[in-house]
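Novice: Okay, handing you the structure first.
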Amino acid sequence: MEAVLQTKGLLSLPQNPRTRVFVPLQGLKHRILSTKPKPLGGISLSSNGFQKFQSFAPKNHGFGSKERNLFICKAEAAAAADGQPLFKEPEAPKLLGIEVATLKKIVPLGLMFFCILFNYTILRDTKDVLVVTAKGSSAEIIPFLKTWVNLPMAIGFMLLYTKLANVLSKKALFYTVIVPFIAFFGAFGFVLYPLSNYIHPQAFADKLLNTLGPRFLGPLAIMRIWSFCLFYVMAELWGSVVISVLFWGFANQITTVDEAKKFYPLFGLGANVALIFSGRTVKYFSNMRKALGPGVDGWAVSLKAMMSIVVGMGLVICFLYWWVNNYVPLPTRSKKKKEKPKMGTMESLKFLVSSKYIRDLATLVVAYGISINLVEVTWKSKLKAQFPSPNEYSSFMGDFSTATGVATFTMMLLSQYIFNKYGWGVAAMITPTVLLLTGVGFFSLILFGAPLAPALVSFGMTPLLAAVYVGALQNIFSKSAKYSLFDPCKEMAYIPLDEDTKVKGKAAIDVVCNPLGKSGGALIQQFMILTFGSLASSTPYLGGVLLVIVLAWLAAAKSLDTQFTALRREEELEKEMERAAVKIPVVSQEGSGNGSLSSGSALNRTAGDSSGSSSETSTPRNI
């Protein structure tokens, strides 16, 4: 008699389990989608692989006192669910101790980060030269730019990005955002800057300045050199949007938390090699202008060359993104995350504000922006006083970028040890501590520079030059701690979140909170200057504000550490439960359809039936 077993769900047993029929192990997808199982012959196999005849079935093939067969069924179910044999899987191929599949993700991501940071260094140094050294402008324009131009544009971009995220795929969203940046920087170098003398309302700005007075120099300079200010804002948005939203959002999408802990700090190694080389590039083009003949706009020539490099690197970024999407598999995420409906802009903002986790993340970003801005703007005003010409200013910024790259590279080498040894919480608290200590040193030198003047002269420095160098060291150490520890910590914190919170949370935090922090620092400086008369008079109070901001930063980092650890444990538990649910599926129904054996009573019932009628043979079921 031919015995046939109908496939049900993941694992199917005959109604009388004393007689077994061999069913080849198959993948989960095949078993679920299969609608017409193939009939087998009359010879069956036992679980250990030896042949036996149906008419000589032994008594103990049911779920009686012999529990060994139950465990065999579970093993078969697990293997069937995974689509793998019972034997141990061969090890994945490795290179330098790292799985090749992991390297296919990490290497392109490192190259993308290299190109993005290379561009950002060129753009960051160029934007300062354009707005600070332009005719009719000074460092006073920076607080107004960050508050009244950069922040509104960042908010507008966030609102647009949130809407686009609801209607576009991730790939389309990436290209839709990055391509306009590449096009603008190319157009600026070859179209807008050469036409700047024709499109800037210099005469109208001079007339307004004579009418309103010199205290309106900063706001009027925004109108006077509007194309340079637009470049400044686009360069700032490159850091907020392309680095924080596009790159880190993509990295979080294709990496696991374990991979992130191991490799996120190392992404900065390649990125800071880019920082070193881009600093040398800026210095080279700054010095190249000296060799040009009279009557030649050397800065225009340098700008065209640098913008060409920016466009080329942007195209490389797009290619790497395309390659990873087509040739690298995405990691498996927990499927038990609550699905959130598509939300409008205001609903998204309300949802994000209501989340303590997102609020703590926002506090970290805003606190960093305020803290670094309290020192940076003051330092740049000293820098222009020491290096008034665009050539000298740009050359110094090239050296500054190279030094920042070297310091950050060194910190990157230490960061993996810090993450492994001390964990996320300690790593997140290092950056505010470094910024506080170096900021105190910078403000102290400004306050007590006059008594130190005789000692500084013996080193060949004036108090102004010493303040420039100490401020540069403060920026170098703060930025190196940010790139090597703060940014990886911030991006790791997004990984356990569900996709909706991750996408909209990053847009709100990285695009709005980052410029909000810088604008907040600028507003504090403007208030202090108007209240106390000058930046020097307000320096002690700025130091007090810096202390308060850093303490709030440390408190938010501690709170976020607790929540991050809890989310990680919850995600790991859900993954374990999902694996258990997939690997031990058994059908309890006697009719058709899929099901699972939910209690031991069904097993006992089957065992009792089999022991009571040991000599019977099973009746074949028709398909």
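Every residue gets a Cβ built from N, Cα and C, even glycine.
Automatic prediction, not curation, is the source of TrEMBL annotations.
In case it helps, TrEMBL gives these features for our protein:
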- 106-123: transmembrane segment (TRANSMEM)
- 144-161: transmembrane segment (TRANSMEM)
- 173-193: transmembrane segment (TRANSMEM)
- 225-251: transmembrane segment (TRANSMEM)
- 263-282: transmembrane segment (TRANSMEM)
- 303-324: transmembrane segment (TRANSMEM)
- 361-379: transmembrane segment (TRANSMEM)
- 400-419: transmembrane segment (TRANSMEM)
- 425-448: transmembrane segment (TRANSMEM)
- 455-477: transmembrane segment (TRANSMEM)
- 541-560: transmembrane segment (TRANSMEM)
- 584-623: region 'Disordered' (REGION)
- 588-601: compositional bias 'Low complexity' (COMPBIAS)
- 610-623: compositional bias 'Low complexity' (COMPBIAS)
Novice: Who are the chain neighbours of the transmembrane segment (144-161) in space, where the CB to CB distance is under 8 Å and they lie at least 6 residues beyond its ends?
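Specialist: Tertiary neighbours of the transmembrane segment (144-161) are 131, 173, 177, 218-219, 221-222, 229, 232-233, 236-237, 240-241, 245, 345, 373, 507-508, 511-512, 514-516, 518-519, 521-523, 526.
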Novice: Using Cβ distances below 8 Å and needing 3 or more such pairs, separated by at least 6 in sequence, tell me whether the transmembrane segment (455-477) contacts the transmembrane segment (400-419).
Specialist: yes
Novice: Any residues 6+ beyond the ends of the transmembrane segment (263-282) with a Cβ under 8 Å from its own?
Specialist: 106, 109-111, 113-119, 121-122, 125-126, 251, 255, 306, 309, 394, 397-406, 408-409, 412-413, 415-416, 419, 483-485, 487-488, 491-492
Novice: Residues sitting near the transmembrane segment (303-324): Cβ under 8 Å, six or more positions beyond its termini, same chain?
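Specialist: Contacts with the transmembrane segment (303-324): 104-105, 108-109, 111-112, 115-116, 118-119, 122-123, 126, 171, 174-175, 178-179, 181-182, 185-186, 188-190, 193, 242, 250, 254, 281-282, 285.
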Novice: Other than its close neighbours in sequence, what residues sit by the transmembrane segment (400-419), given a CB gap under 8 Å and a spacing of at least six beyond its ends?
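Specialist: Here the qualifying positions are 121, 124-125, 261-262, 265-266, 268-269, 271-280, 282-283, 426-427, 430, 472, 475-477, 479-481, 483-485, 488.
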Novice: Per the 3+ Cβ pairs under 8 Å rule, pairs at least 6 apart in sequence, do the transmembrane segment (225-251) and the transmembrane segment (173-193) touch?
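Specialist: As far as Cβ distances go (cut-off 8 Å, pairs 6 or more apart), the transmembrane segment (225-251) and the transmembrane segment (173-193) touch.
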Novice: May I ask you to check whether the transmembrane segment (541-560) and the transmembrane segment (361-379) make contact, with contact taken as at least three Cβ pairs under 8 Å and only pairs 6 or more apart in sequence counted?
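Specialist: Since 3 or more Cβ pairs under 8 Å link them, the transmembrane segment (541-560) and the transmembrane segment (361-379) do come into contact.
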Novice: Let me spell it out: take the transmembrane segment (106-123), skip the flanking residues so only those 6+ beyond its ends count, and list any with a Cβ under 8 Å from a Cβ in it.
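Specialist: Distant contacts of the transmembrane segment (106-123): 98, 185, 234-235, 238-239, 242-243, 247, 250-251, 254-255, 259, 263, 266-275, 277-279, 281-282, 306, 309-310, 313-314, 316-317, 320-321, 323-324, 328, 401, 405.
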Novice: Counting only residues 6+ away from its ends, which parts of the chain sit with a Cβ under 8 Å from the transmembrane segment (425-448)?
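Specialist: Answer is 364, 367-368, 371-372, 374-375, 378-379, 415, 418-419, 463, 466-467, 470-471, 473-474, 477-478, 481-482, 485-486, 488-489, 536, 539-540, 542-543, 546-547, 550, 553-554, 557-558, 560-561.
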Novice: So what's near the transmembrane segment (173-193) in sequence-distant terms, Cβ-Cβ under 8 Å and 6+ beyond its ends?
Specialist: 123, 161, 164-165, 199, 227, 231, 234, 237-238, 241-242, 245-246, 250, 300, 303-304, 306-308, 310-311, 314-315, 317-318, 321
